[in-house]
Amino acid sequence: MSGNETASAGQDEPADSDARTALEQNPQGQQLLSRLLHVDFRAGARDSIGILLGLIPFALVFGIAADGAGLSILQTVVMSAGIFAGTAQLVMVELVATNAGLAIIVLTGLVINLRMLMYSASIAPHFTEYGKRTRAYLAYFLTDHVYAVSIGEYANESRDRDKRLYYLGLGVSIWLVWVITTVIGYVLGAGIPASLNLQFAIPLVFLAILVPAIDAYPQLVAALTSALVAIAAALAVSQTGLPEGADLLIAAGVGIGAGVAAEEVMDR
Amino acid sequence: MNGYSMLSIWGVIVAIAVATYLIRLSFIHLFGRVNQVPRRVKRFLKFVPAAVLAALVAPQLVTPSAAVTEMVLDERLLAGAVAAGVAWWRGDILLTIISGMVALWTFQFLLF
């Protein structure tokens, strides 16, 4: 088991002694700079623009809400930087504002973020070529948006991207803007006029990735089933005690099952 | 200030941050160790993007209502239809966003 580990880790992460000689010959700063300037890193950063358009108003709202709930600026920044999951953060702040129990807050946060298990499983096959440490820091940036845009890009094999650098270009840009905009919202307390509905840009990005992903009949079955269940489940969340985030988990689960079943029927 | 001690808020933040990270890491770590994802698992994973994206989008476009005309004449649903058409036609993310936002503002202006 440990032999397997070192074999996979050795691919892009040199052993300690190698790293030391590499450091002498090629300063790490230079290596980092060349990675930041890499065409695929920049492509990821560029593809984050659409997401950021929708995410900036969201981050401002979160910063304002955190201030309103009596959180300190340090707590707010650590939440954005460390949890890095908008819906969970906003719901957590709402629960703090209503003086909910601590266990309820933690459990709700977990249920909301459980959907990321699916993202982790879905994107994992693209990361198996990387070492353990690389995978550990890549996992940190796995949000709805980073997952969706990356998986859409990876599906287009003709582009032949460096998967890690593209993902990082996207993830780091979104992370930086998310954290900075949270602070702006907290300090200035100013949002973008709600009537502009800029948050609508986010479902539009997902739609832009979803449409080309439906390339076969079973995929269409999966998407339509999931959409219908999601609408019903969202209604259940707003009217019953079903925790937020559970709706997505249920809908996607049923949709995936429907897709697999449809494929089975077609193969017969 | 809120009704919690400073320490308990920090506890909640750290607990959610750590748990969220472990959820994100889960399969990325696991599948990296086994080096190859089992074929049976792949059959399910193939449908994750379409199912998840549809589940993320649909509730943003449709508000369940007893009145069908009210549901169909929703500016978000109409703008979503325009954006889906552009996505299918050109397959460009930025163009899809721009056309969807412009359609949303147009329908908002026309319907209200």
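Cβ coordinates come from backbone N, Cα and C, glycine included.
According to TrEMBL, the protein has these features:
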- A:1-24: region 'Disordered' (REGION)
- A:49-66: transmembrane segment (TRANSMEM)
- A:100-117: transmembrane segment (TRANSMEM)
- A:167-188: transmembrane segment (TRANSMEM)
- A:194-214: transmembrane segment (TRANSMEM)
- A:221-242: transmembrane segment (TRANSMEM)
- Message: Six or more residues beyond either end and a Cβ under 8 Å away: which residues meet both conditions relative to the transmembrane segment (A:194-214)?
- Response: 50-51, 53-58, 144-145, 148-149, 151-152, 155, 220, 223
- Task: Mind checking which residues of the chain, 6+ beyond the ends of the transmembrane segment (A:221-242), have their Cβ under 8 Å from one of its Cβ atoms?
- Result: 210, 213-214, 248, 250-252, 254-256, 258-259, 261-262
